[in-house]
Amino acid sequence: MAQELPSTASLACFCQKLNRLKPLEYTMETSLRRCLTTLDLTLLGVGCMVGSGLYVLTGTVAKEMAGPAVLMSFGVAAVASLLAALCYAEFGARVPRTGSAYLFTYVSIGELWAFLIGWDVLLEYLIGGAATARAWSSYLDSIFSHRIRNFTEAHVGIWQVPFLARYPDFLAAGIVLLASTFISCGARISSWVNRTFSAISLAIILFIIILGFVLARPHNWSAEEGGFAPFGFSGIMTGTATCFYAFVGFDVIAASSEEARNPKRAVPMAIAISLGLAAGAYILVSTVLTLMVPWHSLDPNSALADAFYQRGYSWAGFIVAAGSICAMNTVLLTALFSLPRIIYAMAVDGLFFHVFAHVHPRTQVPVVGILVFGALMAFLVLLLDLEALVQFLSIGTLMAYTFVATSIIVLRFQKAPPASSLGPASPGPMAKEYNSFSDHIQLVGTEPASAPEPGQLRPALRPYLGFLGGCRPGAAVAWALGVLVASAITLGCVLVFGDSALQLPPWGYTLLLLLSSATFLLSLLVLGAHQQQHRQDTFQVPMAPLTPALSILLNVVLMLKLSYLTWLRFSIWLLIGLVVYFGYGIRHSKENQRERSELTATHYVVYPSSSLEATVQAVQPPSQAPAKEPGHTEQPASP
């Protein structure tokens, strides 16, 4: 007998499961230890952003893409990164829980999308940490004239196997295991280690800037050497796309908000300060680098050390080497710090294996995730060839940025939860007491004409946009947001592929560009015409929804610039994630268990009328009288 096709109702129920939301939790209670200060969070962000890129990326972009105008590339990239950083700052302050982009997507877009973003960020930290450990090993090996590599190849041999490294990198695997040991000792100890390496790294960067300005030669920016921008505006923009990835890392601050003492204040401040410090370091170092020596004579692999060597200060090369190693140590520590916490958040929600939700009672860290994924990262760096996998970092980061920006728009047009939902478990600054008359008005509400709810059309625009006023709250916003994302993808495709892959005539390219731009702006105006959620007690992204919309567009354009092989590998990784989700996560999800318990309770009470009396008696407290049958009249009690 042929199997019946699923009904429309069952398909709708299945889709609802995939898009169910996690309730926002404003409680400060956590099984982790809240011990991180604003300084700790700031140095976590600086350590993740100011890594090996400062010592390698500056020379590469200066020589091959932008020339001395590399400082403008870093400046534009910093502004572009600020768009995404503001979105992370708002979420990290409003939802002080670990999970970062995964959690933000879960509370605003849906469960399946949240799992895929968490699965995506997992790979980002795993490959990023392994690549940093490999770079750390190679840099240290180059200082000793490649004696470590030669010794390993002589005693182990050279591998000629696809996807495997040329030789096993025992040094890189050892540093990963050592860093995992420090991380497992607790957030306080790992923060102290990161603070030490970050302080040394920043001191060396300050030394490079001061000595570089002393040795500066303005002639190196003259027309005789090619000018300030030898590659023109297109070179600056090409350099910007590369420099954008130098500022990846502020999401580690949002991922650590559950261990911050005062996340509402510390998270936004730490993100802003760390991004400012990183931007200043990149801009100033690239400035002195191109002023010390002509940009066309730089060595892309070791630009800073080579620049000091060309000026006769070879001793400064050892200081640069020490700074590079310290910077890579901080990047590795932050990757190993954030990775288990993302896994912990997914495991607590039931979307990943529950064993990773275990927190050590003394150190109060997710020790199982640290040990398992630390060992997995050591295995990757020991055996695999990571060059082909590094491009995963770009697409994974940009995908997470896009979903977080979309989540900010969704959150802004949702109705704010009442103060009672904060519950008694949220002491301190997270709970607000409603004592004044105006506070009570916020609780009981007023007429829609004077205080419309988020998602409703603004009262001043109702005479002009009456056709939108008939929609239920949130419906027009949902449609506008969908059109916004679709038009951003279309506009990105036109900008990236319009002249080459699409092979459009000039008039077709111009027409498609105007249509997609007009649709993007129109959907943005529709969103801006609706009432937003405003909060005075926490940080909010300025100029919303414009800021997150521009972040979405920028991320889409940068993702479309990646190679098709990167998209293919990323799709395979997502397919593996879907197997994990449908095989384990969807059944063990806490939201699924909550829905099943509510459904069971409903089925327990609602029965046909013939068994109504027995059912009601089963759910009544013993002190209550049994229910009366229909038509039964109560007899007066005898005196």
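The backbone N, Cα and C atoms fix where each Cβ goes, glycine too.
Automatic prediction, not curation, is the source of TrEMBL annotations.
Keep in mind it's a predicted model, so treat the numbers as computed, not measured.
Record features, source TrEMBL:
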- 539-589: domain 'Cationic amino acid transporter C-terminal' (DOMAIN)
- 615-639: region 'Disordered' (REGION)
- 38-57: transmembrane segment (TRANSMEM)
- 101-119: transmembrane segment (TRANSMEM)
- 170-189: transmembrane segment (TRANSMEM)
- 196-216: transmembrane segment (TRANSMEM)
- 228-254: transmembrane segment (TRANSMEM)
- 266-295: transmembrane segment (TRANSMEM)
- 315-344: transmembrane segment (TRANSMEM)
- 365-384: transmembrane segment (TRANSMEM)
- 390-411: transmembrane segment (TRANSMEM)
- 476-497: transmembrane segment (TRANSMEM)
- 509-529: transmembrane segment (TRANSMEM)
- 566-586: transmembrane segment (TRANSMEM)
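If you look at the transmembrane segment (196-216) against the transmembrane segment (38-57), you find at least three C-beta pairs under 8 angstroms, all six or more positions apart, and that counts as contact.
Two recorded stretches are said to be in contact when at least 3 C-beta pairs lie under 8 angstroms, sequence spacing 6 or more; the transmembrane segment (228-254) and the transmembrane segment (476-497) fall short of this definition.
Touching of the transmembrane segment (365-384) and the transmembrane segment (170-189) is concluded from the presence of at least three CB pairs under 8 A, sequence neighbours closer than 6 excluded. Stretch with the largest number of CB pairs closer than 8 A to the transmembrane segment (390-411), among 101-119, 170-189, 509-529: 101-119. Predicted-model confidence for the domain 'Cationic amino acid transporter C-terminal' (539-589) is 90, expressed as mean pLDDT. Secondary structure of the domain 'Cationic amino acid transporter C-terminal' (539-589), assigned with DSSP and counted as helix (H, G, I), strand (E, B) and coil, comes to 40 helix, 0 strand, 11 coil.
If one looks beyond the transmembrane segment (266-295) by at least 6 residues along the same chain, the residues whose Cβ comes under 8 Å of a Cβ in the stretch are 36-38, 41-46, 49-50, 54, 58-59, 61-63, 67-68, 70-71, 74-75, 78, 81-82, 85, 88-90, 92-93, 96, 202, 205, 208-209, 212-213, 215-218, 220-221, 225-226, 230, 243, 246-247, 249-250, 253-254, 257, 260, 303-304, 307-308, 310-311, 539.
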